[in-house]
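Per TrEMBL, the features are as follows:
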BINDING   Arg48, Gly49, Asp103, Asp104, Leu105, Val106, Asp107, Ser108, Gly109, Lys110, Thr111  5-phospho-alpha-D-ribose 1-diphosphate binding site
BINDING   Asp104  Mg(2+) binding site
BINDING   Asp107, Ile150  guanine binding site
BINDING   Asp107, Ile150  xanthine binding site
BINDING   Asp107, Ser108, Gly109, Lys110, Thr111, Trp149, Ile150  GMP binding site
DOMAIN    14-160  domain 'Phosphoribosyltransferase'
Amino acid sequence: MSDLLPHEKGFHVSWDQIHRDSRALAWRLDKHGPGEGGSWKAVVAITRGGMAPAMIVARELDIRTVDTISVKSYHHQAQGEAEVLKAPDAVMMGDGTGILIVDDLVDSGKTLEMVRQLYPQAHFATVYAKPKGRAQVDTFITEVSQDTWIFFPWDMAMQYVKPYRGAD
Ligand SMILES: O=P(O)(O)OC[C@H]1O[C@H](OP(=O)(O)OP(=O)(O)O)[C@H](O)[C@@H]1O
Ligand code: HPA
Ligand SMILES: [Mg+2]
């Protein structure tokens, strides 16, 4: 069974599951910001996967200032470069102090590494984490093995499944 391809070893996450896990992330981050009463200044979602978790975290923590950063990664090129396609508001961001940067998961850590270079004082939170990228994330909820592919609800649809036994 160990010769399964990464996409065959799947962790399938439902909307309900990501809602609960994102709420758990918000609970963990609540009152842990550097502002008054442990507050956070703003939530910044790493698009696109970070948008749903960021919305849930912002809702739970009553944060109305929400922005996005769009990063295009070049994982398959030798230099392993990543490019910012859309940056959040520069004045609001500063060096990242008080900013909660949210993504759905960290895998190799390349995306967070790049964003962290831009905003070294920000707090980085993901719902899921794989071992290679764990050092790049400050707070996460669930760890999965490196060879597990996480399937998110926005990439899936309900469909018929054949029973284990029975007519084809
Ligand atoms: O830790 P890394 O190896 O950098 O991988 C993690 C990133 O990859 C996925 O985004 P992707 O770039 O596929 O874009 P998307 O969010 O628009 O789907 C995921 O949402 C993370 O942002
Ligand atoms: O496991 C994953 N699932 C979905 N998107 C991803 N992008 C990097 N790793 C993953
Ligand atoms: Mg992403």
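Cβ atoms here come from the backbone N, Cα and C positions, even for glycine.
Taking DSSP states H, G and I as helix and E and B as strand, the domain 'Phosphoribosyltransferase' (14-160) has 50 helix, 42 strand, 55 coil. It is Ser108, among the binding-site residues Ser108, Thr111, whose Cβ has the fewest other Cβ atoms within 10 Å in the structure shown. For Trp149 (GMP binding site), the nearest neighbour among the binding-site residues Arg48, Asp103, Asp104, Leu105, judged by Cα separation, is Leu105. Once the Cα atoms of Asp107, Ser108, Gly109, Lys110, Thr111, Trp149, Ile150, the listed binders of GMP, are compared pairwise, the greatest separation found is 17 Å. In terms of local Cβ density within 10 Å, Asp103 ranks first among the binding-site residues Asp103, Asp104, Asp107.
Checking each of the binding-site residues (Leu105, Ser108, Gly109) against Ile150 (guanine binding site), the C-alpha distance stays within 10 Å for Leu105. With a cut-off of under 6 Å between the Cβ and any atom of ligand 1, the binding-site residues Ser108, Gly109, Lys110, Thr111, Ile150 reduce to Ser108, Gly109, Lys110, Thr111. The two recorded residues, Lys110 (GMP binding site) and Arg48 (5-phospho-alpha-D-ribose 1-diphosphate binding site), have Cα atoms 16 Å apart. In this view, the densest Cβ surroundings among the binding-site residues Arg48, Lys110 belong to Lys110, judged by other Cβ atoms lying within 10 Å. Along the domain 'Phosphoribosyltransferase' (14-160), the predicted structure has mean pLDDT 95. Site extent for 5-phospho-alpha-D-ribose 1-diphosphate: among the recorded binding residues Arg48, Gly49, Asp103, Asp104, Leu105, Val106, Asp107, Ser108, Gly109, Lys110, Thr111, the largest C-alpha separation is 17 Å. Contact annotation for binding-site residues (Asp103, Trp149, Ile150) versus ligand 2: Trp149, Ile150, each with CB under 6 Å from a ligand atom.
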